[in-house]
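Engineer: Starting off with a structure, shown below.
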Amino acid sequence: MVSPLVALTPKVQSAIAAALGDDFREADPVLRPSQFADVQVNAALALGKKVGAAPRDVAARIVAALDLDGVAEKVEVSGPGFVNITFSDAWLASLLADVDQDDRLGVPVEEPQNIPIDYSAPNVAKEMHVGHLRTTIVGDSLARTLEHLGHHVIRQNHIGDWGTPFGMLIEHLLEVGEDSPEAELLVTDPNAFYQAARAKFDAAEQADPDGSAGDFDIRARARVVKLQAGDPETLEHWHRLVGMSKVYFNKVYQALGVTLGDENLAGESTYNHLLADVCGELEAKGLATVSDGALCVFLDGYTGREGKPVPLIIRKSDGGYGYPTTDLATIKYRVGDLGAHRVLYVIGAPQALHLNMVWDTARLAGWLPDDVTPVHIQIGNVLGEDRKILKTRSGSSLRLMALLDEAVAKARGLIDETRPDLSEEERATIARQVGIGAVKYADLSVAHNSEYVFDLDRMVSLTGNTGPYLQYVVARVRSIFRQAGLDPLTQHAPITLGTPHERALGQQLLGFGDVVTEVGAEYEPHRLCGYLFELAQAFSAFYENCPVLKAETPELRESRLTLSALVLRTMVTGLDLLGLESPEQM
Ligand code: ARG
């Protein structure tokens, strides 16, 4: 199963070798979309310089050597030395017939690799913020895509479930009682719980020495010590606290429809028992030294102001371990125990320095061999209308669930207006699919490392590069088949590409395998969004110009129905790789 571009590449390469000599066998043919044909070969321009010949002559020699029998209808040299190629309709139709017979729609199966993906990673007793929302959505799409390409994806949700605030949080939970409304906040509004604990702690710490504000601070500190010492009763309280946070995380995951569950949790606490050994091993290997009482790794190339070396602190002067130590244990585990070929981290862009220092240290320690690639998929900020990081909404602090509810409510408003004929239940389902899809698509359709402004009205719009626009195309194709009383999944007939709109749609359909492969290699879901948006546009142009159910002949009707069914299958599969649902109707 090959796309036109993949099929063409070796043919042009051998023509270049035949024209210019075997040294050029590997030359990049520089295939690009063309305004005047289906594709153009731009290689002659650079090659002309190399061999000291006029690019037009080089282009003519390539054309002379090019064997595109049965593939191209027209091959011509144009401009300063481009080769314009127009594929034959019959050849495109035969490739489409292959895709039509293929359950994978032309997406290849790759040599399977073990790929742990670190994504989502919210913190216990804290609200997930829009940054966590974005790593959750982008990470989930990458997990789905790599899995679809045949890899063994291991989801790793590195939640923040350990550290000094847990003393204060446990004491607060004990004071309010586990069944109290205050404790319930852990599930509904975690920030409020955290802030209440923090306020108590600060008040107790500041107001004393007379102890009038109580000894909450003293108890909280003692609790941290007990927690770290593994005191069973304290661990039990900690488990309950984390358990309540999990309920909250799962609520968000379920609302979002992401593929994360309890079985994917591998939080910071998972690595506690390994931290002492991590430090010991680094010390024994001469990679870590004590500086100002703290155990540090000094790496080449990391310097701060005035050239002062920046250390990676792996044991603080009070003996405690921190975030870097945990991440060292984490990569050691992912490579050593999970057998990772690649390790993906879908994390905010500001953590790049941290990750690079961890990886460099791991390489030196021998925990990260050269043939294992760690990748930081950097997540950019989500901004409010004021172009500042989105943290609050109309004065109150931002609650993720409230935001998702708002998106669904907006979608509901639209559906109520456009489809009053549908039942209450149907409209509720569509509103959920469209509202959540809108938010997810907005995160996915821009480059993952760029900023964007969170604008719900634009996201749920039915026009433009939005989730709802793509979902609408799905619903429209389904309605064609409903109208005809046919099943799109059993619609297979010979395809003819008689008009420019059919031809353009057919070519777009042939590109699906290439784009999914690219997303898996470059970790850029926005490319799939761009592809699906173009597919939606190509379908709309086709549908406006080429009657389907009322086609001139029965053969043409079958061909157009088959093209439409292929659009549906491609769209549904593509949206699923992005994590979007495909509504039955809209
Ligand atoms: N919990 C962290 C945060 O909220 C993200 C953790 C990312 N994963 C990791 N292995 N460091 O910023």
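Just so it is clear, glycine is given a Cβ too, placed from its N, Cα and C backbone atoms.
Not my notes, these are from TrEMBL:
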type: DOMAIN; residues: 6-87; note: domain 'Arginyl tRNA synthetase N-terminal'
type: DOMAIN; residues: 470-586; note: domain 'DALR anticodon binding'
type: MOTIF; residues: 122-132; note: motif ''HIGH' region'
Engineer: What are the helix, strand and coil residue counts for the domain 'DALR anticodon binding' (470-586) according to DSSP?
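Structural biologist: Helix/strand/coil tally for the domain 'DALR anticodon binding' (470-586): 86 helix, 0 strand, 31 coil.
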Engineer: Which residue counts does DSSP yield for the motif ''HIGH' region' (122-132) in the helix, strand and coil classes, in that order?
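Structural biologist: Result for the motif ''HIGH' region' (122-132), in helix, strand, coil order: 3 helix, 1 strand, 7 coil.
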Engineer: Work out, from DSSP, the number of helix, strand and coil residues along the domain 'Arginyl tRNA synthetase N-terminal' (6-87).
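Structural biologist: Counting residues by DSSP class gives 38 helix, 19 strand, 25 coil.
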